[in-house]
């Protein structure tokens, strides 16, 4: 039963959207019945839509209801302005009554499905998500053809709605956890959407100063299928070409889904190198400062001489030296992210020359420190997930501060603090360090 | 399975931090030979206390912590609050001892109070979290600390000379040697925490007993490695025999000269988790109390008290004298708590409501 609405609905639409450049209202006659077609030309190909409607209504229709049936129109049950903003096409009778939605020919605003942009994938599916939610769901269904895949839709926002899909596998995920997540999102359904971090705060009450992320981001549908099978929950946010996987677990930093394609021995080796990389990234600069400034006596005498020789002429303490070099590296990171592709390689070369040669020759830093910082920077990226590399980058400075004051004891204390943070991090009773009996899921 | 491993690791991790302090010299100085007997007696006392605190191998449903939280006024005044005070003193002793060792070995220029504050502030971080967070932390700490410890012990084994440990015939000289008392308090201190992390399932208890068996290895190594390297006459005069031994060890392929650094790092992890655990238990015991008890047992307040107490201990010798008198007292308190644990378990078995 299609609902007739009052004449004021047309006036309301014109009032809200009539000023917009892409607002389009077009009189049509289909099957001898005059009507008006309303759409936003930036979202709908109005020409193609009008042609399709005309072709659909070739024969004569006796009344409005019969016409709507022939066109396959849908009742308008929600806010008409919202529907137009979502890219739907509205048809109205000339008096402004009898509104119904018809199938739109959408404008191609989304980029085609391609490879991942910010994630390198080795020897696995290279497909990456795009901004369109429907396409992303299709990519996941392509990887996981399971009737157990459950999708819950939650619209967040007050005036402007942002769609969030909650995906889970009913035979793998904890149903109570899924319900908690959906409930937590529903409670904030009228809060304007600002960022993923805001969503994360809704799900987990963590102090603002905690640097640990509560989710993993991935651009790969293949990886999403892997996480869903492990019982995790995946959020797809409209407009984001990434999936958000919750809860985050410490093994996510070191174990990728592609590791399962290797033999256990080689997979173990790769994981061990990642863990070693993370430890080097955190400890290396702090160890240098601790051993040079506070406790040089713990090293072998030959090493002490060698390090002392490399520091001849450096006019400030090792902490200052380390901070200067780390700051230069951080500036290089941030600049390279934003540089146009044509300038990037040149800047890399300039940065390398400045860092590698000139600064040592000018006795601003020692050559050993260059090696250590370079190793630490490279090791930082052995960890999986950009969010975690940021945490490691931050913790490097905290360790540096502790090490400069307390030496190796400071490193122990800094490491203990980090482990305390990680051990106490939970998301709705799911800890970041998961120690559960191994159960085989799908 | 996972909780069993965490509890067992927690047990081991708590132990090895305490071994650095007075344990080796107490044992070595208490007897001219046959130190293994003292160690085994201490270890068996530890086993006895473990049995009292956690019961047999059957799954338990009673939690000593919950019972004490719900206890009446007299039990709180007579047992819980003395235990809380004893925890505060124990934390003070630990941070003083370790800060002094660090000051002597690695940080002679750093004021003592700074080291005391550093240890407390670091340990505070997890004392506000849940019990499971502490167990997870112990697992991660164990993953780093135990290999470090194993590395130092294995490196030191090269310097062991089996002839030096003879004669191994034990004597009973330790019975009238007061210097053995601190060692016994170290044997039992770990129960101040383990007893409050229950209730334990059957599998967890098996892991815990397994950890108890493994702990004997650490006790024996800490005493017999320095003995086998230096002999009784030399080791008897050393304050920190294990550290002196590790400073003597030379590993050619390694770029560090002083291996004791790694031993100290491993024991520092253990000390920190000991302090965190004690702060946590102290806070939990007054969890259902009114505002003032909760304020007093707040980890920040307890830590501050411990720092003040530790700062006013004049020297390491005074600290050892404190352990001589305070150690048996703490043992006695823990023994009473263990008996309370037995009482609550038996009441639960016969289906009665234990009078708190």
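One-based numbering along the chain as shown.
Placement of Cβ uses the backbone N, Cα and C atoms for every residue, glycine included.
Residues or ranges marked as transmembrane segment by TrEMBL: B:7-28, B:34-54, B:74-95, B:101-125, B:137-160, B:180-200, B:207-227, B:261-283, B:295-316, B:322-344.
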Which bits of the chain, at least 6 residues beyond where the transmembrane segment (B:295-316) starts or stops, bring a Cβ under 8 A of a Cβ in it? 84, 87-89, 91-93, 95-97, 99-100, 112-113, 116-117, 120-121, 123-124, 127-128, 239, 279-280, 282-283, 285-286, 289, 322
Paired segments the transmembrane segment (B:180-200) and the transmembrane segment (B:101-125) in contact, 3+ CB pairs under 8 A: no
Where among B:7-28, B:34-54, B:261-283, B:322-344 do we find the most Cβ pairs under 8 Å to the transmembrane segment (B:101-125)? B:261-283
In the same chain, who gets a Cβ under 8 Å from the transmembrane segment (B:137-160) while lying at least 6 residues past its ends? 5-6, 9-10, 12-14, 16, 126, 218, 221, 224-225, 228-229, 245-246, 248-249, 251, 259-260, 262-263, 265-267, 269-270, 273, 276
With pairs restricted to those 6 or more apart in sequence, evaluate whether the transmembrane segment (B:261-283) and the transmembrane segment (B:34-54) have 3+ C-beta pairs under 8 Å. no
For the transmembrane segment (B:7-28), find every same-chain residue at least 6 residues outside the stretch whose CB is under 8 Å from a CB in it, and list them. 35, 38-39, 94, 97-98, 101, 134-135, 138-139, 141-142, 145-146, 149, 179-183, 186, 189-190, 193-194, 197, 200, 204, 207-208, 210-212, 214-215, 218-219, 222-223, 226-227, 232, 235-236, 238-243, 263-264, 266-274, 277, 320, 323
Do any residues, 6 or more residues outside the transmembrane segment (B:322-344), come within under 8 Å Cβ-to-Cβ of it, and if so which ones? 22, 49, 52-55, 62, 64, 67-68, 79, 82-83, 86, 89-90, 93, 178-179, 181-182, 184-186, 188-189, 191-192, 195, 313, 354
Spatial neighbours of the transmembrane segment (B:74-95) far in sequence, C-beta under 8 Å, 6+ residues away: 18, 21, 68, 115-116, 119-120, 189, 192, 271, 274-275, 278-279, 281-282, 285-286, 297, 302-303, 305-307, 309-310, 313, 319, 322-323, 326, 329-330, 333, 336-337, 340, 356
